[in-house]
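Visitor: Questions regarding the structure given below will be posed in turn.
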Amino acid sequence: MASGFGWGGGRSRCFAYWQEFQKCYAQTDNPTECRPQNADYLECLHHTKEIKRAEVIREELQRQQLHHAHETRKAAEVTAGGAVTGVGLISREKPEEGGAK
């Protein structure tokens, strides 16, 4: 890959990042200063951060879908049991025990 040519000829997708990293590495006395360029180059090659982010998004979507399915199932069970569903006109709060009657 360091040659800069991809499989189909021409420049590879990450060659610009490689050049930035190589330029930094050649100009500095402390190679640790080039860690951001190295990280950009490796991300371009392997997409590790992109894959991790996609997994987090997928897990959150599955969690939300499971929660929605659970809530829908609860509502369907109440309706199927023949219970009268409220329209919100009467509050169903329990009276406080030990208070004035």
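Glycine is treated like the rest: Cβ placed from N, Cα and C.
According to TrEMBL, the protein has these features:
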type     : residues : note
DISULFID : C14-C44  : disulfide bond
DISULFID : C24-C34  : disulfide bond
Visitor: Taking the Cα atoms as reference points, how far is C24 (disulfide bond) from C44 (disulfide bond) in Å?
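Guide: With the alpha carbons as reference points, the distance is 17 Å.
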Visitor: Among the disulfide-bonded residues listed here, C34, C44, which has the most company in the form of other Cβ atoms within 10 Å of its Cβ?
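Guide: Neighbour-count leader: C34.
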Visitor: Which entry in the list of disulfide-bonded residues, C14, C24, has its Cβ near the fewest other Cβ atoms, using 10 Å as the limit?
Guide: C24
Visitor: Give me the Cα-Cα distance between C44 (disulfide bond) and C34 (disulfide bond), rounded to a whole Å.
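Guide: On Cα coordinates alone, these residues lie 16 Å apart.
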Visitor: How big is the Cα-to-Cα gap, in Å, between C14 (disulfide bond) and C34 (disulfide bond)?
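Guide: So the alpha carbons of C14 (disulfide bond) and C34 (disulfide bond) sit roughly 16 Å from each other.
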